[in-house]
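K.L.:
One structure, as structure tokens, below. Some questions next.
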């Protein structure tokens with residue numbers, strides 16, 4: 001891709017970003033749009049000001065940006081839960097990594113690449129007609145000592161990422177989880193609580209009663225459906241009088257045949273996914289196999305738009321495919337739009353369909369909670385994006401040729417070293433399209449705005465039309481992590497991409513912080529379990545960077561640097577193994593120390609005894625007995641609901 005085509009793509013997307021930003025800054029102040037741009041505040045009973053007409057409401061103002069940047073982590077925790085805190089920490093983590101990468105890549109490596117003469121002499125008089133390859137490591141002469149700057153950069157970024165994963169993020173999050181687990185009281189009751197650990201004791205009775213009412217209502221709904229079908233549900237909630245007892249029962253095999261009775265940690269009542277709750281182990285296992293096959297087929301089918309996109313980036317190939325468009329493609333601006341902006345736009349439009357599809361596939365896998373479905377969808381979307389957007393575009397072949405490449409590990413570094421720098425221009429255009437424009441359009445909320453206008457035309461009333469939406473982690477988190485992968489793998493190859501990524505993460509921090517304040521309400525709480533996905537993604541990104549570095553230094557005839565890179569993946573894997581032993585268990589389950597401590601606190605707590613008295617009284621209701629009791633031979637799965 002030429003520099004002129006990239007500038008065209010950046011200009012179009014920058015214009016769209018300014019348009020969305022301006023429209024939001026104006027429309028959000030209109031009283032008729034409060035339920036679109038601030039449904040969270042309306043549901044919390046916060047007034048948005050007078051509804052009388054004022055001219056200043058028509059003028060866009062950036063005051064919301066300051067509030068978004070100044071919002072504290074404690075405020076976010078109290079309003080949106082721990083998952084929102086973890087997500088914003090992912091943004092800040094990526095900002096720190098990309099900031100260091102910008103300092104090293106733009107101010108050191110980019111001048112080294114640009115001043116090289118491996119490809120051809122740079123024509124400064126007509127720089128826009130030059131290829132972007134002159135800004136990559138490919139322009140550095142083979143065997144040049146300048147390549148040691150790239151070698152040092154790889155070591156520095158690896159050390160910095162591992163340091164952040166251990167000390168500014170994972171360790172901090174670990175300590176926060178421990179603190180929240182052990183904290184007996186809090187100053188304020190929180191929606192979407194972390195297993196009830198945020199509520200003050202004064203609010204415990206109300207919280208438990210509400211939780212019990214929700215559970216009873218859900219049980220009655222399912223029981224009524226089962227009664228109509230004339231079947232008995234082969235699943236049950238089991239309550240324990242101690243957290244430690246529930247944890248012990250959860251990790252003990254319940255029957256000689258481990259598939260006959262499966263125990264799982266019960267989700268919060270509002271987090272239960274009822275459709276597959278009573279399904280047997282065998283049905284869930286078969287569903288998982290079907291989902292795996294469906295994901296493989298979807299991955300193969302998605303290569304069709306990838307091939308089309310790759311054809312659009314090559315103007316000469318496009319003229320061969322569509323010779324009747326040759327005269328139009330000869331127009332400079334048209335060719336720049338087709339090769340610079342259109343490919344990333346088409347790919348983004350196809351990729352928008354993937355998160356809903358993956359969420360549906362995850363929902364039929366047998367998960368009994370919405371949060372587990374979203375976590376599963378996050379993983380699927382992330383690795384689908386890495387394979388189809390990164391490797392498919394880089395390797396530019398069929399799915400079978402890509403698989404064969406990875407079946408010969410010794411050839412992987414060399415192949416990646418050639419292919420990855422060549423796609424730098426495409427990924428820069430993809431960042432500004434999928435990153436800048438897509439994230440800024442999150443502010444504008446086009447679909448809810450259109451729905452609101454349509455309903456207003458037909459009903460004349462928009463009050464309470466929209467429920468507080470839940471944050472789409474399965475659509476947003478994989479994109480953030482994918483851009484982190486692009487930054488890590490490209491920072492020493494083509495550092496020109498780094499400023500575009502830095503702008504994206506700044507936009508993401510501002511916009512998503514604002515949306516958590518005004519729009520999204522916590523539907524469930526995973527207790528920070530998205531972070532292990534982040535950790536695994538960062539480790540994979542580092543290992544991929546090391547593989548590419550080995551290939552680059554080998555191709556550039558610097559064998560000593562290539563050999564000295566080999567300790568890096570070994571050290572990274574050892575570091576990952578340590579982190580999995582040190583930090584991963586806290587994201588999986590409570591420690592016995594924490595459970596016993598909280599059980600002892602409950603002994604003298606009258607509110608706990610009152611809750612269990614209400615629980616016993618509730619389950620004496622004959623309408624609930626069919627859900628309470630089932631024979632051992634039919635009880636396929638037992639979900640454990642421990643007191644919180």
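Glycine is no exception: its Cβ is also placed from the backbone N, Cα and C atoms.
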K.L.:
In TrEMBL, one of 163-197, 198-232, 233-267 is tagged coiled coil. Which stretch would that be?
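P.N.:
Coiled coil, as annotated by TrEMBL, spans 198-232.
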K.L.:
Labelled transmembrane segment by TrEMBL, one stretch among 328-351, 352-375, 448-471. Can you tell me which?
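P.N.:
Based on what TrEMBL states, transmembrane segment spans 328-351.
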K.L.:
According to TrEMBL, which of these ranges is transmembrane segment: 36-60, 61-85, 86-110?
P.N.:
86-110
K.L.:
Looking at 121-146, 381-406, which one does TrEMBL call transmembrane segment?
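P.N.:
Checking TrEMBL against the ranges 121-146, 381-406, the transmembrane segment one is 381-406.
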K.L.:
When you scan the chain for residues with a C-beta under 8 Å from the transmembrane segment (147-166), skipping those not six or more beyond its ends, what do you find?
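P.N.:
Same-chain contacts beyond the ends: 93, 96-97, 100-101, 104-105, 108-109, 112, 137, 140, 488, 491-492, 535, 538-539, 542, 545-546, 549, 552-553, 556, 558, 561, 564-565, 568, 571-572, 575, 579.
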K.L.:
Taking all residues of the domain 'CSC1/OSCA1-like 7TM region' (288-553) together, what is their mean pLDDT?
P.N.:
84
